[in-house]
Each structure stands twice: as structure tokens, then as C-alpha cells.
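According to TrEMBL:
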type: TRANSMEM; residues: 51-69; note: transmembrane segment
type: TRANSMEM; residues: 101-126; note: transmembrane segment
type: TRANSMEM; residues: 147-164; note: transmembrane segment
type: TRANSMEM; residues: 176-195; note: transmembrane segment
type: TRANSMEM; residues: 251-276; note: transmembrane segment
type: TRANSMEM; residues: 296-321; note: transmembrane segment
type: TRANSMEM; residues: 341-362; note: transmembrane segment
type: TRANSMEM; residues: 368-391; note: transmembrane segment
Amino acid sequence: MHAIGEPLPMAHYQRCPQCDILFMLPVVKSNQTAHCPRCDAKIRDGRDWSLTRLAAMAITMLLLMPFAYSEPLLRLYLLGTRIDANLFQGIWQMTRQGDTITAAMVLFCSVGAPATLVAAIAYLWFGNILGMNLRPVLLMLERLREWVMLDIYLVGIGVASIKVREYAWLEPGIGLLAFVALVVLSVLTLIHLNVEELWERFYPQRPATRYHEDLRVCLGCHYTGVPDNRGRCSRCHIPLRRRRRQSLQKCWAALIASMVFLLPANLLPISIIYINGSRQEDTIMSGIISLAQSNILVAGVVFVASILVPFTKVLVLLTLLVSIHFKCQQGLRARVLMLRLVAWIGRWSMLDLFVISLTMSLVNRDQLLSFVMGPAAFYFGASVILTILAVEWLDSRLLWDAHESGNARFTD
């Protein structure tokens, strides 16, 4: 069994993973948080749920998943026929239409990532007992957090319900209760999942109590120390570099590709509906305008998620990359806040794809009344995924390097 780490006995050196300042961090108790004195990034989190409690949540989520995914979320009465729609049916309809990539995006964010979260927590619980290597799972957990989008899918159910009510009578299905419970449990689990505390529990390391000019912070486990003989972190064993490797190149590539995809995503139809053989196409904006006629509040939510957020992410990332290139020294804190904002809101752009997936499983009566996905759906989903990756790949410490006009020595 892995050793259980004790609280740090004394103040020690800590390097901020977001601005790279080196400072003395005092002893932090289990119910306390610590923030960077320069950029206010959270360095230590006060959440202290035990692994046993997290495992209990994971087991409950595992028991709920078959009902939440396979039982009807919504029930539609159309032309005397009852149509039950669940999550898998929408993904299957996307696949049948020939767009397997878009279907895979929806499948991963709504099923794959939550299932991986459950499996990872279960692995930690059993692996701790059996003395297994937990490092790969701990490294994955921190990156998995933003891809679990059950809460966004739940909002998508509400939007799809309002859209479909124009054509038929709709009522909640028996699987909706299980899905809501699954969403609540997943959100609570992610809120109380303190990966850094798990690192200190399973792989405790001696803190840096003495100054060393080569002290670096590991972005994988947030441990501050000196690289070992192979240049790796002594706790998680990944390369301990001063800056992310090729951060700017990868971020620029993802951003440019996202901008290219964003044009057809907004110009081409994202959904097509057939009513008595008549074909009606909707772009993202025309669909929002149509939705506003029945519910202005829901239309506003879709506008923010599908129009405002994607373009805001692109503009913010473009501003940040240009500021790094030209070593701008003004408005640094505003740029740091903008980066944190787009990192937080970026995942909500997947709302449109979730709405399309569920609506396709509800409205499917051939030429009489049928809803299919338009070509813009793929471009929109690809743009969303690319901007999420761009934010993840951008090393925020480069903003501070540029501010200090010293980032040339950190080039890859």
C-alpha cells in the first residue's frame, strides 16, 4: 500500500505554475487554500474528500450510467406515435448520417470522459490497496476535468425540449431522473476531486526548504523541485522543463485551424428539418432567431454558447499570442484574467452539438417530419475542440515572460 503523506512540517519554496514566481509557502491545513502572491492563482486547495468517498461517488455514478444513457430522456408523441429518445440514439443517428467524427465528439464528451473519470477513481482506490503505479492515472485526471460535459448536455436537453415542442407533445422520460442524478454526482465529484492532494498522499516528496537556482514547478503534479539526473520530476517522472515545449507553435496551429473552421460553421446550415417534404435549413444564427420567437431566454443561452463564446475565445487567444510575440508590457493582469475566462467558458460551446444529437433522435419520421444534421456541425465541433486544446497548450508563464521582456531565453 502506498504511504500516506503527512502535512508539510514547515514553510517551503513553491513556484507558481501560472506566473513562475518563486515564494515561500507556509504550512497549509486541510481546510485552507493558498494563492499566488503575484497572479492570485490557486496554489493549494482546501478540498479534502477522502479517496473512499470519491470511490463511493464513482460507484454510484457507474450504477446510474446504464439507466441515464439507455433509458428515455424525453418522450415525444408525434402523429399518434410515441418516440423515446435517449443519449445513445442521438449519437447513432449522427453515425447513420455518415458524420462519425462529430458523433465521436459527442460520445467522448457525454459518455467517454465521464466513464473514464469513474474508471480512474476506481483504479486509484484498488491500485492504492494493491500497490499499483498510480502516476499515469493521476496525470490524466487533471486534464480530464474539462472534458466531462454532462452538465452541458443537461442544458442541451432543456433547449431541445423547447425546440421540439413546436411540432409535438413532449414529456420527460424515465431516464431523465437518473441522468439528473448522474450530473449532480459528476459535478460534486469534480468539485471535490483534489488531484494535488492525492499526489501528496500517494507520492509524498520532501519539500524544497532551501533555495536552489534550478527550482522548477512540474505542470503535471505541481511539485516544486530540482530535476533529477534525467531532467524529470522526482514525483511524477515527466520531463521538468522551464516552459511547455513548443507551446506557442501548437497554440498558433490550433487557433488558425479553429478560425478556418469557424467560417463554414457559421455560414453553412447546421440543421435541416423536413416538414411534409419541404426542406428548411438553419444556420446557427437563424436557428437562434427562430428559437427566440418561442423563448427569448433559451435563445439567449444558445447565442452565448454558440456565437459569443467561440468568437470571444478566438479573439482572446489571438490577443494573447500577439501580446507575447510583441512583448507587450501593458494590461498584463487583464490578459491573465482573459485567459482564465476562456479556459472556464470554452467547453460550453459544445451545447449546440448536444442539442442537435438529441433532436435527431426525437424528430425522425422520414420526409413527413425529420430533423437531420447540417454540414456546419462538423466544422463547429472541430472549432470548439481546437480552441479548448489551444487554451490548454498555451503556457500562461509566457505572458509574464513577455511582460518582463525576457521570454527569449525560454524559447523552445
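Yeah, the Cβs are placed from backbone N, Cα and C, and that goes for glycine too.
Heads up, TrEMBL stuff is auto-annotated, nobody curated it.
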Leading contact stretch, 51-69, 176-195, 251-276, 341-362 vs the transmembrane segment (147-164) - CB distance under 8 Å: 341-362
Cβ pairs under 8 Å between the transmembrane segment (51-69) and the transmembrane segment (251-276), at least three: no
Ranked first among 101-126, 176-195, 251-276, 368-391 for CB pairs under 8 angstroms with the transmembrane segment (341-362): 368-391
Ranked first among 101-126, 176-195, 368-391 for CB pairs under 8 angstroms with the transmembrane segment (251-276): 368-391
